[in-house]
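Have a look at the structure below before the remarks.
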């Protein structure tokens, strides 16, 4: 039996997928894995290094692992800055960047050699860190954008897309083993395949282009909910909206707009502005009126004036976005925005964020109240505190970042079920409902086999 590896996973869903890949490799080599340090031969910490609070959390987790265990391997985005890790914790065994699975495994081997048992070649199922009924599907790594506040290209490199067939084989395996919701992620999902020049690959007896529209059309045929994250409002995104109107793709788009002032967006090196944002949103909603749009914004960016901020508030009031996150600007080590003048005082940043969220909370409550009386499909994530109550999400809500639906049921509903509910009450971000029926779910996947260690049809 190989040794035991403690594992700590921090950061975004993209980092979570990296953790799943490392854990799957460890498991395939016969290692026991654990989310704790107890009895572990070595601890792997998958870090986040994007913003200052994330760096601090990662360094704290590394320090805790060293104190509790003493043998620590660091990977992930903060690992792309080994000098920062080594300065704080010089005793770590190895520091690797994101996606460097082979280096992580090699470092583990130095402390706890892998199992020599030949039966470990019978690869066990891949490790998932999400519940069985949903999974993140990473279609690309890295980013080609040069946003002034961001260092993702420095941490994760330029856009590197997976072949469409590779993505579809993974999705087929996931849906075939019970995954009912696929959450498509990348640093920029809408640029998927650009680096591959949208080359074709073979899947299910046909050729599929590495292009978001083509990929999503294929994913939508598997029978699972398909949810799109990190989508830039490129022109070709409009081709996805009819699929939402037809019920083939969840009516949900996660579009990180960041601001509405053209002047601030230029300083951020981001496209668009309030006028173009509104035009695009109106076009999308004219085709799919039930579309839920999620976005994130930064307030207090260097040089942001009160006029710029008011333009953002006016945009929020008019756009009536369904799901919104707002962050105060903070410097990121290595970001070009650090050199900009006109830094906004912290108290002004916080005051603007409070005003922003107060306005958005009114928008959210208004939208949720419009749902009262409607019948929605809900995927169940957990049991509630009351007898017969379950907690789930509608098609308009992603896990961990959006609202919840608290539904009263007959007590026979299981986690992972999809049910129909009638909304009875609305809160600012959550809904309350009563179950009116179950939804029969059946995957629509081809028969699969295994050849040379790769999943094939």
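Yeah, the Cβs are placed from backbone N, Cα and C, and that goes for glycine too.
TrEMBL entries are annotated by machine, without manual review.
The [4Fe-4S] cluster 1 binding site annotation in TrEMBL covers 12, 48, 77. Residues or ranges marked as [4Fe-4S] cluster 2 binding site in TrEMBL: 143, 147, 150. Taken from TrEMBL, the feature domain 'MTTase N-terminal' covers 3-113. The domain 'Radical SAM core' annotation in TrEMBL covers 129-366. Taken from TrEMBL, the feature domain 'TRAM' applies to 369-437.
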Legend entry - Which of 48, 77, 143, 147, the listed binding-site residues, has fewest other Cβ atoms within 10 Å: 147
Legend entry - Chain-mates of 12, 48, 77 with C-beta within 8 Å of site centroid, [4Fe-4S] cluster 1: 10, 11, 14, 15, 47, 49, 50, 54, 76, 78, 98
Inset, instruction - List the other residues in this chain whose Cβ sits within 8 Å of the Cβ centroid of the [4Fe-4S] cluster 2 site residues 143, 147, 150, in sequence order. - result: 145, 146, 149, 151, 152, 153, 187
Inset, instruction - Taking the Cβ of residue 150 ([4Fe-4S] cluster 2 binding site) as the centre, count every other Cβ atom within 10 Å, in any protein chain shown. - result: 23
Legend entry - Same chain, 6+ residues apart, C-beta under 8 Å of the C-beta of residue 12 ([4Fe-4S] cluster 1 binding site), given in sequence order: 48, 50
Inset, instruction - Rounded to the nearest Å, what's the C-alpha distance separating residue 147 ([4Fe-4S] cluster 2 binding site) and residue 77 ([4Fe-4S] cluster 1 binding site)? Just drop the number here, would you? - result: 17
Legend entry - DSSP-derived helix, strand and coil totals, residue by residue, for the domain 'TRAM' (369-437): 1 helix, 35 strand, 33 coil
Inset, instruction - Calculate the per-residue pLDDT averaged over the domain 'MTTase N-terminal' (3-113) and state the result as an integer. - result: 91
Inset, instruction - Could you say whether, by DSSP, residue 147 ([4Fe-4S] cluster 2 binding site) belongs to a helix, a strand or a coil region? - result: coil
Legend entry - Helix, strand and coil totals (DSSP H, G, I; E, B; other) for the domain 'MTTase N-terminal' (3-113): 54 helix, 22 strand, 35 coil
